[in-house]
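Data block below; observations after.
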Amino acid sequence: MATSNSSDSSMSAEVPAPYGNGPANAPATPSDTAKKPVARIRTHHLQQAKDKGEHFAMLTAYEQYTAEIFDEAGIEVLLVGDSASNNVFGNETSLPVTVDELLPLCRAVARSAKRALVVADLPFGSYEVSAEQAVATGVRFLKEGLAHAVKIEGGKFYADTVRAMVQAGIPVMAHIGFTPQSEHSLGGYRVQGRGDDAQRLIDDAVALAEAGAFSVLMEMVPAATAAAVDAAIAVPTVGIGAGNTTTGQVLVWQDMAGLRGGKMAKFVKQYADLRTSLSNAAKAYGDDVRTGQFPGPEHSF
């Protein structure tokens, strides 16, 4: 792919396990880490994953510590999503968040992640007017936000926009299926690509891949439709609520780690209960302060 800055043709030559330094899924040892600095994952490594029938993991990240933790845990792609709107800034949807709000988050993630590919969402209203607007916004995210790639929502209507961005040197991940920025026109959170509508998503994916998108993300799409899309295009696919045939999977980290309360979407698997852990820690701290147990002698000068 033209978006890569690396001349390596082999994924295993550059990137640590599972993409190098030993058999697939083998954990890196301390001696491995000491031998050489960790190399940055590039878009062509994701392509190699699809070509080899391998998979990669993607999580959202919005600030330093989660970026560091997920990067050290081996997550290959970090998404500075417009989901920050309702997971950081307290909005009900992703629509209100702006470019100027996302850029500082993007910088923090890009500075903190030493290995992961950092992808930034272009928020609603920042690319729809014209290809020129999209290129200008994309440049800001690479130049000011330090992102390595951007993501835009929409089907084949945006193929020319993707083409213009790629020609300008901006790697683009396309996002089809349920597109949260279009929730009002789609009638709310609804599965896309059922029945006869499946062909529309296939056509969208083909057009976007041909325009130069390095990957196509599908959200809330039936597993059979997602498999058909994945088979129809050469570039890697990413799924969120799209079955397990995609090359990559993505989740919002607060959902994955159990930080957000309330009912989770069907496609979310919760791997921790951080909300309860943090609540218990805050309660214990408050109790210690109110009863005079903190700070104790060991915390005083």
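Cβ atoms here come from the backbone N, Cα and C positions, even for glycine.
According to Swiss-Prot, the region 'Disordered' annotation covers 1-37.
Residues annotated as compositional bias 'Low complexity' in Swiss-Prot: 1-28.
Swiss-Prot lists D82, D121, E153 with the feature Mg(2+) binding site, giving sequence analysis as the kind of evidence. Applying an 8 A CB threshold to same-chain residues 6+ apart, the list for E153 (Mg(2+) binding site) reads H175, I176, T179, P180, Q181, S182. Under the three-state DSSP scheme, E153 (Mg(2+) binding site) falls in the strand class.
If you look up Swiss-Prot, you'll see D82, S83, D121, K151 marked as 3-methyl-2-oxobutanoate binding site, on the strength of sequence analysis. Other C-beta atoms found within 10 angstroms of the C-beta of D121 (Mg(2+) binding site) number 28, with every protein chain shown included.
Of all Cβ atoms in the shown protein chains, 22 besides its own fall within 10 Å of the Cβ of E219 (active site, proton acceptor). For E219, the entry in Swiss-Prot reads active site, proton acceptor.
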Q. If you measure from the C-alpha of D121 (Mg(2+) binding site), which of the recorded positions S83, K151, E219 fall inside 10 Å?
A. S83, K151
Q. Under DSSP, is D121 (Mg(2+) binding site) helix, strand or coil?
A. strand
Q | Neighbour tally for S83 (3-methyl-2-oxobutanoate binding site), based on other Cβ positions within 10 Å of its Cβ | A | 20
**Q.** Taking residues D82, S83, D121, K151, which bind 3-methyl-2-oxobutanoate in the record, the widest Cα spacing (Å, whole number)
**A.** 12
